[in-house]
Amino acid sequence: MKPRRVGMARGYEEMDGANVPRPPGSTATVGGAANGADSLSGGASSPQSPVSPPVGSMLAGAAPEFELASVSVVPDDTYTVTQAVNALGFGWFQVKLSLCVGLCWMADSMEMTILSVLGPALHCDWGISRYQQALVTTVVFLGMMLSSTFWGHLSDRYGRKPALTLCGVLLFLYGLLSSVAPSFGWLLLLRGLVGFAIGCVPQSVTLYAEFLPTKQRAKCVVLLDCFWALGACFEVALALAVTPTLGWRWLLGLSAAPLFIFAIITPWLPESARYHVTSGQNDKALNTLEQIAKDNRRPMLLGRLVVEGPSGSRGSLKALLGSSLRRTTLLLWFIWMSCAFCYYGLVLMSTELFGGKNKTIVDGAMRDDGITIDCQPLATTDYMDLLWTTLAEFPGIFATIYVIEKFGRKKTMALQFLFYAGCVLMITVTEVRVFLTIILFMARGVIAGLFQAAYVYTPEVYPTALRSVGVGGCSALARLGAMATPYIAQVLFQSSIWSAVTVYGIFAACASVACMLLPYETRGADLAH
């Protein structure tokens, strides 16, 4: 900063590096402002020397004269991506991005929801055992776990957009091939490859969060879960319409349609401006910010775009366990693992409850037409009850939006884990179908909101250079919990309902404690640099 000139208002300092054109007739400038800057402190400026505000506040395409309310000062004539995104606000750019990312989430949700229907269908069609049903679910999450860190590295090194484009193409290809699998072994392989591609989907949240203004970030990321709930509801409705008549192969094939649409639109996805700045591509970042300004009909800030903080080691998994982030990372890994364990466990338990929990398992016993003796396909009432419990995600999302801003991220997640534990334990006290549906409705809403709250908190707590690999690492540990849950929800549940729900209750209670032990509360804070 230069010393104040004589006559400058108190507290006003000259800015370096001004590059805003001065109106004709102005003779002296202070960091790009005419000597009429006395008007900032209430003094009058002459008609021949109109005020030209400092560059950091200067808006492209604006007239030389400004209302004082529009004038602000950005030190050293620089601004960061965070300042630009906050200044340009929420508008049509974010709406378009919401639809693109939402479609990705919808496709992911459909691939996950189909697991609760595919197991019973394969049991009837191919006569697979309970352990084999659990393996169909486990192999998908195994692929997701093995690939999450890979996609995180790819996103941090080459960008979010290329990773999501490749993800969309692979998901559609393997999803379609799964529908024509000739044997159980081939189906396992192809579903594992589907899981490998799905491991990239959390990077869409990273991309989305990096384009959201601070004030709208939490609400928008939580609202993104509406697309997940929509995908889950659509998959249940599609299964009701297709599976009883055309079978599970048609269900797998038709479920790949949203993936095809997403793969087509990915070339129009914007690349993260934060990624471009962090990787030294400021020109590309400026182009993206100018596109935001154009779409949102806001004037673009002029000045020099700078990196928000030290870039550090991009994409370094080792950095996640450094002294400053070790505690946060380990707690988040356990929270995400518990969240996935509880969420997918509830989805699978719902199918077991509605599909007939008193069936006698006689593995290998076949009728002349090739159908297993114990086969009991899901009836229309079963699908409708599954649909009702899936619809619970919508009120769960909106309740989370309110609570997460009022009480903060940590307390919200802790309370939701405790409420979920209470709900699943209530499953053992009644066998009345209506009451079971209500209990599952409440539990599904809470755990859905909890999952999205974790997606809000995690990108906020990691710096830009480690954000993708941080989210990817958490996603990988979440898949570890999801891999284990079929053996509780589908195998142990058949022998002892009480034992199964107790396991879920204990995990939820421990995760609630882990939420309160997190060292940082990110409510109202900008994304970490």
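Positions of Cβ are set from backbone N, Cα and C atoms, glycine also.
Pulled from TrEMBL:
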- 41-56: compositional bias 'Low complexity' (COMPBIAS)
- 97-523: domain 'Major facilitator superfamily (MFS) profile' (DOMAIN)
- 1-56: region 'Disordered' (REGION)
- 131-151: transmembrane segment (TRANSMEM)
- 163-182: transmembrane segment (TRANSMEM)
- 221-242: transmembrane segment (TRANSMEM)
- 248-269: transmembrane segment (TRANSMEM)
- 330-349: transmembrane segment (TRANSMEM)
- 386-404: transmembrane segment (TRANSMEM)
- 413-429: transmembrane segment (TRANSMEM)
- 501-520: transmembrane segment (TRANSMEM)
For the transmembrane segment (386-404), distant same-chain residues with Cβ under 8 A (at least six beyond the ends): 113, 116, 218-219, 222-223, 225-226, 228-229, 232-233, 236-237, 240, 350-351, 354, 378, 412, 415-416, 437, 440-442, 444-450, 452-453, 456, 523
Beyond the flanks of the transmembrane segment (330-349) by 6 or more, those residues with Cβ under 8 Å of it: 112-113, 115-116, 119, 137, 141, 321, 413, 417, 420, 424, 427, 440, 443-444, 447-448, 450-451, 454, 457-458, 461, 473-475, 477-482, 484-486, 488-490, 493, 500, 504, 507-508, 510-511, 514-515, 517-518
Within the predicted model, mean pLDDT of the domain 'Major facilitator superfamily (MFS) profile' (97-523): 82
Winner by Cβ pairs under 8 Å against the transmembrane segment (163-182), considering only 131-151, 248-269, 501-520: 248-269
Sequence-remote partners of the transmembrane segment (501-520) [C-beta within less than 8 Å, at least six residues beyond its ends]: 327-328, 331-332, 334-335, 338-339, 341-342, 345-346, 410-411, 413-415, 417-418, 420-421, 424-425, 427-428, 457, 461, 488, 492
Tertiary contacts of the transmembrane segment (131-151), as residues 6+ beyond its ends and Cβ separation under 8 Å: 111-112, 115, 118-120, 122-123, 163, 167, 184, 187-188, 191-200, 202-203, 317, 340, 344, 348, 469, 472-473, 475-477, 479-480, 482-483, 485-487, 490-491
